[in-house]
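Undergrad: What TrEMBL records for this protein is below:
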type     : residues  : note
DOMAIN   : 383-516   : domain 'SSD'
REGION   : 1027-1047 : region 'Disordered'
TRANSMEM : 15-35     : transmembrane segment
TRANSMEM : 386-407   : transmembrane segment
TRANSMEM : 461-481   : transmembrane segment
TRANSMEM : 488-510   : transmembrane segment
TRANSMEM : 581-601   : transmembrane segment
TRANSMEM : 855-874   : transmembrane segment
TRANSMEM : 880-902   : transmembrane segment
TRANSMEM : 948-972   : transmembrane segment
TRANSMEM : 984-1007  : transmembrane segment
Amino acid sequence: MNLNWFAHIIVHHPFIIISAVAVFSGTCLVIPFTLKTKPFRDFSDPKMGFTTRGTTISNRLTAWKNLDESTKPSGQFAINPNDILIRRNLTFFKPKIKKIGKKKKNEPKKDFSKVYINEASNNRSDNSYENNNWTALKNMLLPKHAESFARKAFEPDGFLCGHPDEQYAHIVLKSKNSEDLFNLKSLLALCRIEHEFIEAHSYKDLCVTNKDYHKKCCKPWSVANYIAILHNRTSCLAITEEDINSTKSLLINCSQYFHKLKLSPNCVDKGYCDAPSECIRHDAVFNVLNFLTSTTFLPPNNTIEGTTLQETMIFLPLACSTAMLPYYHEIIKMDLEYEGISVVAMEFGIKDVLFDECLLRDAWFMSSGALFVLLCMWLYTESLFLTIMTIIAIIFSLGISYFMYMLVFELSFFPFMNLLAVIVAIGIGADDAFIFCKIWQTVKEEKNSSIVKLMGDTFHHAFISMFVTSLTTAAAFLASYASSVTAICCFSIFSGTAVITNFFMMVTWFPACVVIWERSCCSNVNLAKSCLMACLQRWCCSKLIKPTWNLSTTWPKCSFFAKIWSSKERFLLESVVNFRYVWLIVLSLIALISTIIVLYYPKFQLPDSSAFQLFDSSHPFEQYDFKYKNHFWFKREERNNLETGVNFKLPLRFVWGVLPVDNGDHLNPESLGKLVLDPEFDISQPESQEWLLKFCRHLHRQPFFQPTFGPLLPNCFIETFMKSMQRDCVDAFSSRDHSPCCRTSKFPYNSSVFYECIVEEMAQIYETPDQYLIPGMAGPKFSKDQFPTIKAVIVEYDSSYSYSMSYEYMHDFFTKVENWMVEEMKSAPKTMQNGWFISELEFYDLQRELSENTILAIIVSMGLALIVLLLSTLNILTSLYAILTITCSIFVTVAVLVLLGWKLNILESITVSTAIGLTVDFSLHYTVNYRLCPHAMADERIAATKYALSYMAGPVLMAALTTGAAGVFMMPSLILPYIQIGKFLVTVMSVSWIYATFHLGAMLAIIGPQNQFGQFHYSKLSCCPSSKSKTSSSERNRPVNSSLSDTHELDSLTCKSGVRPIPRALQRSLSSGGAGKNNQNRYVFTDQSPSATSAITIIMADDN
């Protein structure tokens, strides 16, 4: 590739290039913040985007959400025909218009507005007489004295304000060594801890006040305070041992009523308190057992062990909101432990806001890792100027990437995970700077040419090296675009764009900076580096070993470390080759065991909670969400189900009339698109009515159907509608004629009768009081524009499956119902053939896509890595060995993460898919250099392996150390993404270096190809006749032809005329091992191959 023309421009116009790049990059940085109304940083909801888009289930879920929006008052559909009739100043029943019309003259707007504006009223009757009857009937069921008793029982007493509620801030406290908290010492300690919370500076500004008592802050809800109120104490500090024993006895005696659901908040007011009066006094028993004590205290099957209280909760009269953030910062600095009782968890409702704050506050950990990498670059380049220019280039590349992301790609959603691309940009930017500086320095030492010639030769080799590095890394990131998860797709686009823009910055901005630096008077001044090295040597050697150093040295001359440093390569070569069988067997066994861990047991588990962890597991917010929350009855689903009468069974929802289409922006979680109607749908056709009736009857006989008692009027409306049509045509009481909506009409009905009667039927159904009808989404949906046309129909029942986080359980539910639905739709008429099934499957769909698309992304990345390897080496065997090594590295890395407790969530999916891009480079280095071994070594596997290791062991080791160290700097952070990225970098760098160096090195030393076996050449692959005519016997005496016409960018630069000597470290190794003993000083031509380039990550200075 001839880039001399570009080098000529850079050398003669460096300031113009820098100015042009600076103006362009600065413009890209400024424009997004001036034109976009949405700011760059908006992470108020960090979990936004953690949903699937574009899958079968997600399309149905989106269509369902749009259908739900369409049935609201502002939507295009109505579920109650009376809504449309009232809007048109009509009432369906004409006799009622005559009777009530005069009464409503003075207040028609009041009645109509209630029905039209209040969505909850849409399903209620407009007949005030009937409503009054229902109210009277309900009042007859209550005791006559209930109202007055309720007022007396729940009057404000100035001590506690109402009842505890999960919308208030609450704190979990636990005793150490499983000690009982229900004693005087522990309760007084709890009271003192409570006092510390109250004395916080911002408490009074946030607390809920008691308006009847001089607007004082309400007291917290705690066990100690309820003991005080039950025994008329002024403070929890005034309670006695007798008070505690009396309260505990009360709780033990009344716990049976609590577990039998005979106690509830304000139970007297609700009219069904079937418990002794002492059990409902101040609602103390219910609130203490339901909110303030753990489920292990007085459980349903109470035992002696069940009388021990180990965990309790304090509810503060502070509303959970973002205003709690200063208060959290204040109390988190306190000593949250007192006399064996400690705060273990808390819930303030500020988890997302705190994460948004910590995301930038803890960014200094990421900056520390970046500074470490840049410090290495400063030591290597010997130039602070070039280091600063590299930093600016990285900033510019991120700015251009954000400009393209927001304005070119027009993506408005920017998830917080995109910030992780900063680490990628820093690492790749520094790597490219290493490569360019290494080649530039080597060219200068080899040739005494003009700066134009030097830049041309540098570009001749560095361009392809940086291009291959950027290509493999960008391909690994962009492969994640195959995912259906919005956040992962956005991350793949931004990070891939950052890698590509960084490449263009490093071939324009950085070379121009190198030219300016080379022409300056400071290029040969190494004072800063010398001083730094001297300080480093003094720190390393001052007390341990007597140093011998001076200020002008570049590297420390401490004799002990100098010997280690000089013999490191030889030691590594000998250890890999001499123990090659041991390395191959041991590392292969480890990879095999890792494969069993990943694929068989315990496997990479899918997430078992829909809550996304944002902080470290030890954080009190995460402790509450993932551990202590379900230790209290008010958060236990089974009790909530019994109290509310809702069983939370998975619903069976079957929809017709709406197509399962998601026409919104899949890269914007807030864009759900518009509802798409089915033009073929027509429920009024007789064949549609017959088929829907058969469908409902078949559904009732399925094993996943859950029979439900009580009136299910709209669930399958066709059944209710057909029964109502069996009535007498003339009502015996009102003498009203129902024709044709009576038994004279036969099922299936013609379209005119169907529409006339279904409107009346649905209007009567939604006049049923709310006590007997729980309105939902089931039933026909009437078009407001084409009334009474039905545009959609929903059949909804409960299933026999309960909601679960288990992937296997939910998969069994979905496949059974979906397969049955598919079979039923085969017999559907044309007007009903586009029906579909949906349920609460959002989390299940996320689990399925994470498991499937993560594997797909890995396969795509592996395929791309194999293509790059084949194009680089044109050797099948070495490419397969490298891919096998990469595969082993991936399995071992994932196995380590599994053993660390990782689960395949959003962040984990990103890290696993990008592991390919981080591991392929090491194997690529060794494989390419094995291919480039001199002709004299091509017949000896061991000699060729040592040759590859001698050239690349140092750079690969430094790459692993610097990148892994950057990960170590991120691990002290509080937020989980930084911690996991740090652990991942340390793990993947360690594993990939070990396997690339020892496993691949051992394979090449044992079964590596010899004598050009399995080697292809572009000249032989070409079908041009001219290439065939050039072959002759004289070629046998020539060096091995290259894959391309370019030279290797590093190795050919170490000697003149395109040849290079064997490194001295390798010469010592060969002379001791005997391989190539007679040829140790022989020069050979290098392989003239640009595709056989080594995408060097970090290059050490030549120390031989």
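Quick reminder: no glycine exception, Cβ is built from N, Cα and C everywhere.
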Undergrad: Grab the same-chain neighbours of the transmembrane segment (581-601) for me: Cβ-Cβ under 8 Å, and only residues 6 or more beyond its ends, written as numbers and ranges.
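TA: Distant contacts of the transmembrane segment (581-601): 887-888, 891-892, 894-896, 898-899, 994-995, 998-999, 1001-1003, 1006.
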Undergrad: Return yes if the transmembrane segment (15-35) and the transmembrane segment (488-510) have at least 3 CB pairs under 8 Å (sequence gap of 6 or more), otherwise no.
TA: yes
Undergrad: If you count Cβ pairs under 8 Å, which stretch among 488-510, 880-902, 948-972 touches the transmembrane segment (461-481) the most?
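TA: Most Cβ pairs under 8 Å with the transmembrane segment (461-481) come from 488-510.
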Undergrad: With a cut-off of 8 Å between Cβ atoms, can you find at least three pairs linking the transmembrane segment (880-902) to the transmembrane segment (386-407)? Only pairs 6 or more residues apart in sequence count.
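TA: Since fewer than 3 Cβ pairs under 8 Å link them, the transmembrane segment (880-902) and the transmembrane segment (386-407) do not come into contact.
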Undergrad: For the domain 'SSD' (383-516), how many residues does DSSP put in helix, in strand and in coil?
TA: 119 helix, 1 strand, 14 coil
Undergrad: Cβ under 8 Å, sequence separation of at least 6 from the ends of the transmembrane segment (984-1007): give me the contacting residues as numbers and ranges.
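TA: Same-chain contacts beyond the flanks: 423, 572, 576-577, 580-581, 583-584, 587-588, 591, 877-878, 881-882, 884-885, 888-889, 892-893, 896-897, 911, 915, 918-919, 922-923, 925-927, 930, 941-942, 944-945, 948-949, 953, 956-957, 959-961, 963-964, 966-968, 970-971.
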